[in-house]
Amino acid sequence: MASSALGVILAVLASLIITANALVAIALLRLIQKSGSKGLYFVLNLAIADAMVGFTVVGLVMDEFSEPFHPPQTFCILRMAFVTSSSAASILSLILVACDRHLAIRKPFHYFQLVTGLRVGVRLVGLWLVAAIIGFLPVLTPCFQKVSTNGKCSFFGVFHPTYMLTVFCVGFFPALFLFIYLYCDMLKIASVHVQHIQEVEHAGLAGGCPPSHTTSDMKAMRTVAVLIGCFTLSWLPFFIASIVQTVCTECFPYKVIENYLWLLGLCNSLLNPLLYSYWQKDVRLQLSQLTAGVKRRVLLHLGCRFPGRGTKSLPTVSCLRLQD
């Protein structure tokens, strides 16, 4: 019963993660085509990485509903390595998004010269290489593997607790401190901008012009702050419990970490597209236009198939417009 409930939760979570990130990715592609902003590729990569997390969870859902299922040890290690790589890519993508916003605030006049297509491509390729190394480290290093007597593939069933200690010290802990440093530096830069604008207004030189640059700085800081907060709340309990589990094997049962805290970390892949689409006006606009376009096509399709129903204007619409 508990296994079926966990399978249902994983299935719903995977479906929501894939759907939300796919919609945001489509909206970002449309926005990139219109604006040509290279920095949006980092956000697009975040949506792709989060969607891959959802696809890897689908395999775990199949395991939960395939009882009895006794896969070989190598199969479980590879499956969980893909899950870990996708999660690592999501976290690294958050770092790139924060670094990109930090660069836009620190060097606004040189941002477009610094963020070129080649540099963005090199960073994204490096990101996926690092994520693959983190995820497949237990495959390359047998000492991080664990012989499991459990039939199902599980995180702590195939990975040794020392692997979590390594990931925490090398990946999560530096990422968290980098997030904090970037946000504090952005706060410092924004405060300097605000002070400069106040001095100009006090001198009577503002001329009634709105502080557009400072407004964009505050929006960028707000987005980064929300992403950092959700990242910390989602993954910090899992990593802390995993570290405690490494030191004291009897302090935390594995089922609590895998069934609850790990699910909380996976929820970060669902929160990222929801929060970014909520806080970013351009993404919301693209999503609304996409929804309106789909709705219009559905109404035209229904008007062509069922003339005489609905509004009077639908039967007069040519079905050839639908092909255009």
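Cβ from N, Cα, C; glycine included.
Annotations in TrEMBL come from automatic prediction, not curation.
Listed features, source TrEMBL:
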- 6-29: transmembrane segment (TRANSMEM)
- 20-276: domain 'G-protein coupled receptors family 1 profile' (DOMAIN)
- 41-62: transmembrane segment (TRANSMEM)
- 77-99: transmembrane segment (TRANSMEM)
- 120-141: transmembrane segment (TRANSMEM)
- 161-183: transmembrane segment (TRANSMEM)
- 224-247: transmembrane segment (TRANSMEM)
- 259-279: transmembrane segment (TRANSMEM)
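Residues 88, 91-92, 94-95, 98-99, 102, 134, 137-138, 143-144, 221, 224-225, 228, 231-232, 235-236, 239, 242-243, 245-246, 249 of the same chain lie 6 or more positions beyond the ends of the transmembrane segment (161-183) yet place their CB under 8 Å from a CB of it. For the transmembrane segment (224-247), same-chain residues at least 6 beyond its ends with a Cβ under 8 Å from one of its own Cβ atoms are 91, 94, 97-98, 101-102, 156, 161-162, 164-165, 167-168, 172, 176, 179-180, 182-183, 186, 254, 256-257, 261-262, 264-265, 267-268, 271-272, 275-276, 279. Between the transmembrane segment (6-29) and the stretches 41-62, 77-99, 120-141, 259-279, the greatest number of Cβ pairs separated by less than 8 Å involves 41-62. If one looks beyond the transmembrane segment (259-279) by at least 6 residues along the same chain, the residues whose Cβ comes under 8 Å of a Cβ in the stretch are 6, 9-10, 13, 16-17, 20-21, 23-24, 27, 43, 46-47, 49-50, 53-54, 57, 87, 90, 94, 155, 219, 222-223, 226-227, 230-231, 234-235, 237-238, 241, 287.
The average pLDDT the prediction assigns to the domain 'G-protein coupled receptors family 1 profile' (20-276) is 80.
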